[in-house]
């Protein structure tokens, strides 16, 4: 029953369509309303009304219907009999980003009514947003600078508020965010510093709009060395299988434009290089030297690849790789190319061939014959066949390889037109696997346009890409048939132009009709202004209405030049400058434009090419893309094609049937324009109902209507500005000669310019800038935004920073006193003439230098030549020694080469300064003497004796005295250098993080926080936050060395530490809340029913094992961390944890108190945080009995602490655990509720005095945890006792001799670290304090000691392989082997660091060091400038063996031994030293 009703409706609909004058209105009244199928809010939109043969006044109403109600768009009274008119309307913003709504069109008169409803998509107007970074790739520790650009679809700037912007690392951690950022005049610049050890890989900048839409931009973080030159491989785009030779050219050019001397290896492989080894073996290699232009061209014979004998090989490309090795340095860089393989020697390109044909209108074809390189082939005969039209023709290509054809379509009876063009004879091949020779041949199929009356119109355009602001002419060809034409005096053709989904232009053309004719044929021209609003694609629809209601139409798509209204130009004058010279940058744009400038070293773009910011890129942004909306099939009033249940008997009505999906009727023309039609006119081609049921998904896809006539065959590069750059202004006469201009180069940025400037009212801004010292080419561009003309982009401007000649120094990073090394100065002359040169090493009392060989101070350097001068240098002073080498071109009447040299006017002298570190021999020692001195009315003094051991290394002793007015002055100055130890694991990284929280809190509470200190501390917090995320596991936990690809186990203690630190840092920086939640969730899963926490992961600090057992000590620490994270004691996890501690305290009370000191200090602080004063007091009372009181100070020690070695000249610094315990007691006392009592403060002061004596010279302590906890205690004590006194203490230090220095401390310089060097070592000094107030005095003594035999806590053996010299010229590379075991008092050590210092002039072979991380006990390796660090999770009495290779970088004479140090990270007194020498160090070396 249902099927019968559907069939009746289908038949009724189809009959209506074929009744000549049938409509819902009487007579001949016709209606067509065209509206974009996709409408935008807050944007003027148009609806076009076409009312035809009205016989009464009507009202036209348009309304949008949604779930929220009905919104009337307009209500128009129409009195004209014929009307073509477009009305504007605006839709208010939607609550959601888009929604499908119903558009109702009602046309109502006194007698008749027409009403129709269709679905349209309404979308909120979205801004166009993109992000520009200052460069595409960053090194760890660098600053990421970026700007957010916001515009409307017309590219005018917007002041847009973005609720959120953030940066995601490769693990999708949100590492930085900004809230409520607003662009001003369309621009907002932000920056963010990467940590020193970020996760490497792709990062994302995400900008969140208020609509919820996200815009993203990617950049890369990786370690890299900028390439000094690029390699360009030039190969043909394609070859034919009949070619026997391929010419491959490889050129290597320095970034400053000069050729590279060296060697090139060219590899040519056929097939996919990622396939099997069989495919990979199909390669040829050619080696050659680069010529004077830095190039090498090779003719590679490819006959052995047998391309034409094997069908499969005919379709595989060649891959070319060229690796250039620079002469002298051995630096290698590569370039690549790809060569396609074609079956024919030439091919056809269809430049014009429409996808559809129209009966009676000629079908135009334009082709181009090109060779395998793409070059046109003139004067060649080409053939064309169109069998359905009975058309065969031949012609000769013109000088451009073009041929044109016009095919008469009148005789075509079917629905398709198959065109074949070919060159020479037709191919004899039938199967695709045929290997016989083929000639160019192409096919094109066009399908019929449907018209019931066989009437058509065709828009013909020859254009490729239309230039903006010009008139484009379109030819219209038409043929109209039908008896009803005779009653019309004229035919009116209407057209409209659309772009970006909106109707932009409308117009019409009238053609007079002679009375009584049954066919009208002709053509006319339409002139279309090409406006900016039409970029990048415009579509034009033309149609006319025949008297019987049939609509005849055609459309065409134009590619429009991607132009911008704001014309921007950036230039440098001069375009080539010396490093460090001044250059003039000029930017022109629309007046009052805000311009973002950028200039990047070309080396960066060689390393990581990026898409150039161009009009093409702008118009390809998501916000600029336009798409047609086709309603979903479930909408009941979106009718399908009309269908007939039977074939009409009138064969004149339907003489053919085009397959469904390929016919082109008016409905599809309208739909493909992006329009929805409301009409009672005939615009659809009916189809038999059974045909529609036979439609299958495998039918060929409908061809896109978005391409120009000829579809894919008329492709041209878009957005490329081919206009020449403006000529530089004429050069002025050279100025009078100045004294020799000397260049000293030391500034080498990767991004030179990153600024915002405003163009003045004349449209110009000019800036004087200093060129960096890098010898390279700078790539610069400007992005400008104007309220009047919108966005403008400059083309890339280049500035070549170049020097006619320059000098480069080769020297080691450091040497040990007594060693000698070769200092080499290489001078490169890039002038086309020879120059007399003078090279000079500036004399210094810090070293002696002897020229090597026959080198002269002056010599003649040939054109494009290089020369190296050498000196054998022996440093005489310790510390940093400067080496300054100058090279100068000198005027001389004598011949240089074969001519008298001409000295350049600029750049006649180049100077390079490098620093060498000269270290004393032996082992470094440091002692710090700290005191908290509080004076009242009477003067307070103490004596200080600086003693040196008898074996001290000569001249290595140095000392300084520091005075601070604040308890945290030293730590504030050195927050990133608190301890002189590596920071390579997750726990150690936190010493770079947590102290900044305490410093900020303390300074904020005491009102001493300055913007400078705040900025520095926040930067350190952000960097530490990034680094710590490297050590996060997927389950939310953290461990010392991270996930290790899912194999590592989270560490309970470290996770708690990170949790509390991140929670406290939230007050100062952005911390992604998910990291805190994840850590807490993971910790809660580790809690047992008893409330205690089970241990996960290794405890790398054995002090945690010193209490009752691991579980209680660990539980106390975690409870403390949870409470410091602002969790209330009522939280279920915290409440259970406190229950665990209470039960554990009862056990401890019954035991032997002395063995639980560490655990009790943690518990005291945990109960204090929970507000349980009773338990806090009980534990503190117990601890008071175990306190060690000496010299008016109080501290605690572990009974089982390691024994100190005998023979110390000074009392050694307390170990990490003792500092921790004492600091926890202070924290417990200061956390008393509601406030610490005078007794708490007094007792705390005694411990604070002891703690300050343990501080090192940087304000930290012996290790990481003690530094974090002690600084927390110091900051809380400082805040509790802080007062701004009106009286100022005066500190005096004087020696037993004549030395004396005074320091005044007041409120203005409390945080200032005042320091003076002490002249007499050894010597006796007196420190006195007068006035009133407390000061912190610290003396630091450093010296070196020769390596002595001792009884260390580690057995350490170091040797080289080979042991002895087996090369009379010296050992350039050898292996270092280490054997380590623990011999201390405990079963095993804590985490251990093995620090291997490099011999002077040697560097480690990094892959051999990295390979050690595969060993079981090696958690991490680091290669620093002069050291190799091995992180060992622990060491027992079992010997561990490691080895790696080092190689000579710079020859050094009289090589001194290098030191290897192995130490416990948390018990730094447990240390062992050894030394090693080069196998050839005892022999004379040729350096």
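Including glycine, each Cβ sits where the backbone N, Cα and C put it.
Model, not experiment: these values are computed from the prediction.
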Stated Swiss-Prot location of region 'Bait region', expressed as one of 566-625, 626-685, 686-745:
686-745
Need one number: mean pLDDT over the region 'Bait region' (686-745).
40
Between the Cα atoms of residue 295 (disulfide bond) and residue 251 (disulfide bond), what distance do you get, rounded to the nearest Å?
4
Cα-Cα, whole number of Å: residue 269 (disulfide bond) versus residue 283 (disulfide bond)?
4
So, in DSSP terms, is residue 1480 (disulfide bond) helix, strand, or coil?
coil
Determine, from DSSP, whether residue 1140 (disulfide bond) sits in helix, strand or coil.
helix
Please work out the number of neighbouring Cβ atoms within 10 Å of the Cβ of residue 595 (disulfide bond), leaving out its own Cβ.
24
Quick check: of the recorded positions listed here (247, 787, 896, 934, 1334), which one has the Cα closest to that of residue 1365 (disulfide bond)?
896
Once the chains shown are all counted, how many other Cβ atoms turn up within 10 Å of the Cβ of residue 784 (disulfide bond)?
33
On a simple 10 Å Cβ count over all chains shown, which one of the glycosylation sites 55, 247, 321, 508, 760 is most densely packed?
321
When the Cα of residue 283 (disulfide bond) is compared with the Cα of each of the recorded positions 48, 247, 468, 787, 1480, which one is closest?
247
Measure from the Cα of residue 508 (N-linked glycosylation site) to the Cα of every one of the recorded positions 301, 760, 860, 1140, 1480, then give the nearest.
760
Tell me the Cα distance separating residue 784 (disulfide bond) from residue 563 (disulfide bond), rounded to the nearest angstrom.
14
